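Read the structure below first, then the notes.
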Amino acid sequence: MVYNFNLGIGWASSGVEYAQMYRANMLRRAGIDAKYVFMDMFPNENIERLTANLGYDDSEIIWLYTYFTDVRIAPNSFTLKQLEETFPDEQFRVERNGKKVYYYFPNNLYYTVFTLGEDSDLVHAVEIVSRDLLIRKDFYTYCKTYSEYYAPLDNRAHLYCRRFFNEDGTTAYSEMIDGDQLLYRFPHKVLYSKEELVGYMVELMHLQSDDVAIIDRNTGIGHAILKNCNDARVYMVIHADHFSEGSTNEDHVLWNNFYEYPFSQFRHVDAFITATDAQNRLLREQFRKYIGEEVNVVTIPVGSLDILRKDNSKRKKHSLITASRLASEKHCDWLVEAVVKAHETIEDISLDIYGKGADESKLLKLISKLECSDYVRLMGQHKLDEIYLMYDAYFSASQSEGFGLTLMEAIGSGLPIVGFDVRYGNQTFIDDGQNGYLIPIHDRMDKQEKIDLLADRIIKMFQQDDMDAFRNHSYEKAATYLTEEVEKRWVQLLTKTK
């Protein structure tokens with residue numbers, strides 16, 4: 001069995017979650033059994049809705065908090081009628097406002113029920129309020145999975161306990177909460193931190209030499225996994241730049257804090273997995289130079305392409321696409337400003353920005369300020385497989401990409417790419433002057449210089465270059481990332497013996 005360890009997952013997931021999704025598809029094709037293990041709490045969603053949204057089977061998912069119970073990962077099916085049958089008092093008044101249903105009982109007690117939708121009778125959570133004080137929250141899927149208990153503290157509801165239940169309603173274990181201090185009480189065991197809880201779960205998995213642990217995120221869990229994985233092979237996936245270039249010199253390397261612990265434990269890791277050969281080479285060189293050790297690193301792209309999409313009939317001339325989390329490090333605001341500048345020269349240029357994130361309102365304000373809403377749009381979250389074919393080129397202002405799944409998807413639809421000459425994704429997918437442009441940048445460049453260079457390369461590409469030749473070169477590069485090719489690498493790695 002292959003166990004893939006991660007922390008969280010969401011509706012607007014990061015590249016790590018999409019990398020796992022690609023991997024899951026390839027392992028299924030290859031007939032390799034795999035589980036995907038998530039460690040975070042998900043109070044606002046049933047984890048099943050999030051994992052199913054990315055195409056996982058319920059049977060493939062392990063959630064830390066239900067692992068110690070007999071409750072299955074399953075869709076919500078517990079109804080309002082079933083909830084009403086549990087009420088201690090038959091006298092109640094009910095009101096509905098959108099997704100929320102309110103039940104009012106005697107003695108100043110009321111329930112607020114959170115359903116899955118305005119017309120849904122499926123229950124996600126119930127808040128119980130007594131005398132205007134929140135005292136409990138119950139969470140449901142097909143049964144009650146856990147409850148949170150609250151007490152008033154400093155005029156606020158203070159969470160002090162969670163109880164996790166079996167299907168029959170009995171308590172499997174409890175989590176006691178005192179600020180950052182956590183304690184887990186089982187019938188015959190007490191654990192004194194979440195890290196110990198993770199370790200206990202991995203211990204109960206009884207991993208053997210024919211099992212594999214793939215760690216996608218290790219913060220707060222890496223030590224517990226390594227300590228309890230027995231003879232299983234362990235692989236650590238590097239999803240981002242693994243060191244800080246500005247703080248690294250001839251004598252010292254500053255590792256990315258997300259990878260500092262696994263790098264310190266390299267003797268207990270069978271291999272580190274990078275998405276590009278460039279990062280593979282650099283990591284090996286740095287271990288030799290700064291640690292004086294040889295380390296095992298393998299290259300496996302974090303994504304793959306099922307096919308090359310070659311229908312050019314839908315492409316809109318001079319149209320640009322970018323897709324990412326709307327986060328500050330993606331610099332989508334620079335793209336907007338660059339397109340506004342390019343619009344002075346190319347009147348029919350357009351930019352569509354796909355994705356969701358914290359910078360959405362900031363970008364909307366910028367678009368309004370620059371009065372460019374006619375040709376710059378925020379498109380939200382979409383499945384992009386067939387959408388890339390509607391555009392002429394891909395545009396990126398990110399200054400660091402561990403791989404860049406959307407870059408791979410873009411060349412798989414024949415898009416040229418314009419972006420900065422930075423590790424690792426852009427340098428992997430762009431051959432300067434052949435299928436786009438790698439724009440050199442340095443630390444002393446200010447924001448406006450970078451925006452001007454982005455605009456300049458877009459204008460040059462659209463006005464001077466052979467776009468058909470650029471497209472053909474993107475297709476040639478994309479062939480390396482066809483699923484059948486990447487799948488071979490996973491099979492080779494996961495089927496060898498320790």
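One is the number of the first residue shown, and numbering goes on along the chain from there.
The backbone N, Cα and C atoms fix where each Cβ goes, and this holds for glycine too.
Going through H239, H242, H252 against TrEMBL, the one listed in the N-acetyl-D-glucosamine site together with E401, G402, F403, G404 turns out to be H239. Cβ neighbour count for H239 (N-acetyl-D-glucosamine binding site) (all protein chains, 10 Å cutoff from its Cβ): 22.
Between the C-alpha atoms of Y18 (UDP binding site) and G404 (N-acetyl-D-glucosamine binding site), the distance comes to 11 Å. In terms of C-alpha distance, the listed binding-site residues G15, Q381, H382 place G15 closest to H239 (N-acetyl-D-glucosamine binding site). Taking Cα separation as the measure, F403 (N-acetyl-D-glucosamine binding site) is nearest to V16 of the binding-site residues V16, E17, Q381. Within 10 Å of the Cα of G404 (N-acetyl-D-glucosamine binding site), not one of the binding-site residues from the list E17, Q381, H382 places its own Cα.
A 10 Å cutoff on Cβ-Cβ distances gives Y18 (UDP binding site) a total of 16 other Cβ atoms nearby, all chains included. Applying DSSP to the domain 'GtfA extended beta-sheet meander' (94-187) sorts its residues as follows: 0 helix, 68 strand, 26 coil.
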